Amino acid sequence: MVNLTINNKKVQVPEGTTILTAAATVGIKIPTLCYLKEINEIGACRVCCVEVEGKETLVASCNTKVEEGMVIYTNSQKAQYARRMNVQFILSQHDYRCAACQRNGNCTLQQIASDLNINDVPFEQDYSEFDWPEDFPLIRDASKCIKCMRCVQICDKVQSLNIWDVVNTGKRTNVDVSRMRKITDADCSVCGQCITHCPTGALHERDDIQKVMDAVHDPDKIVVVQIAPAVRAAWGEGLGLPASMATEKRMAAAVRAVGVDYVFDTNFSADLTIMEEGNEFLERMAHKDQYQWPMFTSCCPGWVRFLKSQYPEMTSQLSTAKSPQQMFGAVAKSYYAQILDVDPSRIFSVSIMPCTAKKAECELPVMNDAGAGQDVDVSLTTRELDRMLKAELISPALLPEEEFDMPLGVGTGAGVIFGATGGVMEAALRTAYFVVNKENPDPDAFQAVRGMDGIKEVTVEIGGIPVRAAVVSGLGNSRKLIEKIKAGEAEYDFVEVMACPGGCAGGGGQPITDGVELADVRGARLYELDKNNPLRFSHENPSVQALYRDFMGKPLSHKAHELLHTDHEAWDMPKAK
Amino acid sequence: MSRLSVVSTDKVNSTTEKLMKEFTQRIVANPPGVCPVDMQLAFLKVCHAQTCGKCVPCRVGLGKLEELLEDVLDNKATMRTLDLIEKTAENIKNSADCAIGFESARMVLAGLEGFREDYISHVKEHKCIGTFEQPIPCVTLCPANVDIPGYIALAGEGRCADAVKLIRKDNPFPTACALICEHPCEARCRRNMIDDSINIRGMKRYIVDNAPTNTVPVPECAPSTGKKVAIIGGGPSGLTAAYFLQLMGHQTTVFEEKAKLGGMLRYGIPNYRFPRERLQEDIDAILSTGVEVKLNTVVDTEAMEKIRNEYDAVYIAIGAHTDKKLGLEGENSNNVISAVDMLREIGDDKYPDFTGKRVIVVGGGNVAMDCARTAMRANAKTVSIVYRRRQEDMTALPEEVEGAIAEGIELVTLKAPLRVEADENGNACALWVQPQIIGPVKAGRPAPRKANKPEERMECDVILVAIGQDIVSKPFEDFGIAANRGRLCADETGALNMVGIFAGGDCVSGPATVIKAIGAGKVAAANIDEFLGYHHPITVDVEIPEPLLNDKIPCGRVNLSEKEAWARKRNFEGMEYSMSDEEAVQEASRCLRCDRHGCGVLRGGRQDRW
């Protein structure tokens, strides 16, 4: 243990602790800006600088380890002066017209400037210009970038795609797409992890709210909304709504209050995905020698983009089943149009997703199988949902809970856990067990795939056949797993992959709480919803059963193939360079 | 008003002097990897600030050039801007009245040509061509990329054995480099911005003196792959490759034509600079990985055929071991000895005796200094170095030249050898030289030419020729390996024109430094491993100390001391002293830890494996 004094308080911490962490143990908060624990500890912003007695120069508390006998002042005149002026330096190169920024009210720079009582910037404003393809789902506004390097680090260290890099040196140092590429030519998965780890509004999703509102106000359009599992675990965060108020039924009420015509649940199409993908897996297992192994899940578009760019030779190992978002879109513009007895072209299909890659997915040229334009017209992130509710003057706290609409608003507990890492695998195993054994397993029999470990492995016996399964989240972890498979060090039958650490609960479209990873908290809410749902098995979803009975026939039928499956080879992804 | 006055230094002048000196140091420590166009603009601004303002091209023109360069950097330029920059600079160069103007413009023109790709990238791509690689200057400039801040920090804590392990991750010759490395790492040391570079080689010397490398166990080898690799040449490059390939699990066999291992470390560098027993420490450690050695084994064309069939891969690192001839009349007289031959004999412990002899050494490189100082130790009566250019043009390290002078060796500069005069017995008795005048700079070096002075006769008994070495490449060229003027044509991976055969070191680069040869051996080992279908990472398990939290106030650099000239010049014993603990701790505390401060903590920092 190391003994030191911080602001006249005695502190004892283990060797190797940083000053920042040591201060926190005695309730002393040192402001940080570029710092991201274990990801970005580069001491670049110099906002966390503190004074060490006997030393002339200040040290960055985020990456300086404590030493025995140190005497530290976090708010000495020198430290405070440096902290304030360094924030003023940053502001002088940041477009601080905060009122017109997506991150207004949830910006670390804004918060620090406010906390430090910065009322003016004594330097000339000089920031980079916005120069970015505006129709790309992920937007980088250079005028807001403070060069904290978090995006560079998260993409390198966690997602292993190295999309961002520092370009130029000296005063023109900037962050841009790496290796002289344009974002449209880069192998970006559009996972959005750089967005959720950006302290300012420099990185954000393309805002598609207006497209939805235009449809809402178009009398010819029937606006059909699906809401993804993980959205319900997080939507309240961006509205300051406590978890007890931010229920899924209140979410349904709030979305309905926007004026959309039908509020449905992606849990429904998650269940449908299990029927298709589970049966596809059993089918592939029955003809094992005809396929390359393992089979990969295909519900995460960030992962699909990753695999197609990094390991194109493995594309055929993706399940051909569409993601729940796209299955829903195809069903909405076919089966549901039939139920409503309307021309499918009148249906405006909106998804609300915890995800930025979903925006790219719904725009893929092949995602139009229902024959009425894109199956999903607009995909909004959870953050956009929150902003839309605010903009439409809706106060969810004052709304009574409401049910989802029928029939596509019915989802099982197996569907809702799609939003957490391991959920797809668990749901699939529950149904596969049923298909093979003709009886349900204990719904909690496959708990081993739950939890926040980046790579989880489990072998389950189904009908006497051992199924070697792996669950991975985070693209860096995915790369590790694939490299192991390619090196022959690991062998699996079925692998669930989610691009974001913790799965969709930690998705790149979720509300941002800077410096805090919330995937496991949100995931726990989803497992709670699963537990409390009387339906725990996808194959028991009555609406899914009705869909097969009245429209699709059976899983993997011709019609199902037409509407619910896709050819991953039919579009190109920029390859890794 | 007095007619004249004595100028005393005022505060402005003395501060200017001080800042100029610091600025010079800052330029020395320019970080590798910064935008060259941005640097050019910065230089141009300094140039413009030096302008007196009298003349138009300089006062106005340099400002216009600055604006044009700003346009390039601010993404406002087109390709026509580049043309305008060229025309503008050309005009300033042609019409400025003094050097402040025309030299500024000349620098811009040189940059425009040298950084052409960067300029175009700024114009077309709106970004600099270089990626953000401004890694640790010393590590970048070390051809073997040794983790220098890491081992300096370890040495500062007295963890010398750990430091040896860390050095070995990239370089299995810690002792050799501690004693005789030319330390390119020190050139751009960031500490130059404060006072002076870190004495990196001195720190390494402290490490190996406190933890001799033969006492620090080598890492465990990977499980045997069953692959066999032949290494032709047992010098620093070959043994480096052998060491790493052994660690990767391959069985290497070193074929060495001489009686002992070490190559130029033994057969080129004299004992007083690198005592043999110290060389043996590194070699013993390397051999402890299980390298097989075949000494006194010449590899000719026929042997190459056999080796190629017997081994899965081959690394050729034969060095440059044959002498270059002067091409002078009388060169074949008795007692005209090539440096290579003399140093080779010494390598096998056969020392010459020049008692009472007047010795002339021809050449100006490090080998010439080694020869001259060896002749002095072989008891010569006088030793003179004859060189065509001036002392400052010598390619030898300045400290080597100074050491030679201190030992009583005469430098006879600006004399070009003409012919060797022999006596009736065929023994050399004089060297005729033509006095030279130093002239215009050619290819960056002032070139000498014949002076309007008569030939001179320099009496002597022995002439040592140290004007460079050549590569014995013929047997390999006959085998089918491509070579260009004797140098084997290996690409940057070490691969040759024949599959599975690699080459590196002096036989590829021409005579160069030990650390370059080691770096080439490391590169070859990695690529041979890949060629054999493996990817064995080389790692080290040593925790690097945290940076010290000391204020970076200027502090003198600790230099290594040597025995006094009189005590060292007549024997072959080692002559350099190590640092004391006190000195090493202080020197280590000067290190700015660029691995942890500045961009090293973000990009291009510590590589813990390769």
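Positions of Cβ are set from backbone N, Cα and C atoms, glycine also.
TrEMBL annotations:
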DOMAIN    A:1-78  domain '2Fe-2S ferredoxin-type'
DOMAIN    A:78-117  domain '4Fe-4S His(Cys)3-ligated-type'
DOMAIN    A:136-166  domain '4Fe-4S ferredoxin-type'
DOMAIN    A:180-208  domain '4Fe-4S ferredoxin-type'
Short question: which residues 6 or more past the ends of the domain '4Fe-4S ferredoxin-type' (A:136-166) have a Cβ under 8 Å from it?
33-34, 36, 39-40, 42, 44-45, 90, 93-95, 101, 109, 127-130, 173-179, 183-184, 186-195, 197-206, 306, 356-357, 359-360, 363, 474-476, 479, 499, 501
Go ahead and report the DSSP secondary structure tallies for the domain '4Fe-4S ferredoxin-type' (A:180-208): helix first, then strand, then coil.
7 helix, 3 strand, 19 coil
Using DSSP, how many residues in the domain '2Fe-2S ferredoxin-type' (A:1-78) fall into helix, strand and coil?
9 helix, 23 strand, 46 coil
Just to be sure I understand, if DSSP states are collapsed into helix, strand and coil, how many residues of the domain '4Fe-4S ferredoxin-type' (A:136-166) fall in each?
12 helix, 6 strand, 13 coil
Limited to the domain '4Fe-4S ferredoxin-type' (A:180-208), I'd like the whole-number average of pLDDT.
97
